[in-house]
Amino acid sequence: MARSNVPKFGNWEAEENVPYTAYFDKARKTRAPGSKIMNPNDPEYNSDSQSQAPPHPPSSRTKPEQVDTVRRSREHMRSREESELKQFGDAGGSSNEAANKRQGRASQNNSYDNKSPLHKNSYDGTGKSRPKPTNLRADESPEKVTVVPKFGDWDENNPSSADGYTHIFNKVREERSSGANVSGSSRTPTHQSSRNPNNTSSCCCFGFGGK
């Protein structure tokens, strides 16, 4: 069944001799029973059709629960990173403190070794090696003995470390020469006393022969 085309309402000035009443009557007769008249040119007739339009697709906005979950996870990750950074900083500070303590103990040990008279290669703090002590003679006091340094014990890269070696060698030579004189004078009475038994024996022999 052909449906009559309802002319646009209010457009009668553009067209002449348009039988609007005939159009409306014909449209009323041809419409199905129980159906509702719809005019696409009139928004009032289309109010029901707009209400029956398919719903819009759901928006892509996240739910509040999801937002809270994401925020809590981010806060947890941030707090975890801060705690790890804090632990790393504490560990670095403790390691630095331990390293400083080790360096302090090492410097104390070095200073003790440098000042210790029993240390093999002890230094006087000026870069010069101390001369090594030698065995003292019984007839000499420790104050009068000049210790002979080991030959070549100075630092070849530091020429100033050999300063005073010539003076030490000359002094040692003088002390040894004076010590030889003292020891020679002390041996003289012993040599004379060793001759006394020969003299007495010769006298006895002469006396015995005279008799």
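Start at 1 and count along the chain as shown; that gives each residue its number.
Including glycine, each Cβ sits where the backbone N, Cα and C put it.
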Position flagged as phosphoserine [Swiss-Prot], chosen from S79, S83, S111, S185: S79
Swiss-Prot annotates one residue of S107, S122, S160 as phosphoserine; which residue is it? S160
Spacing of the two Cα atoms, T21 (phosphothreonine) and S79 (phosphoserine), in whole angstrom, works out to 79
S79 (phosphoserine) to T166 (phosphothreonine), Cα to Cα, whole Å, comes out at 73
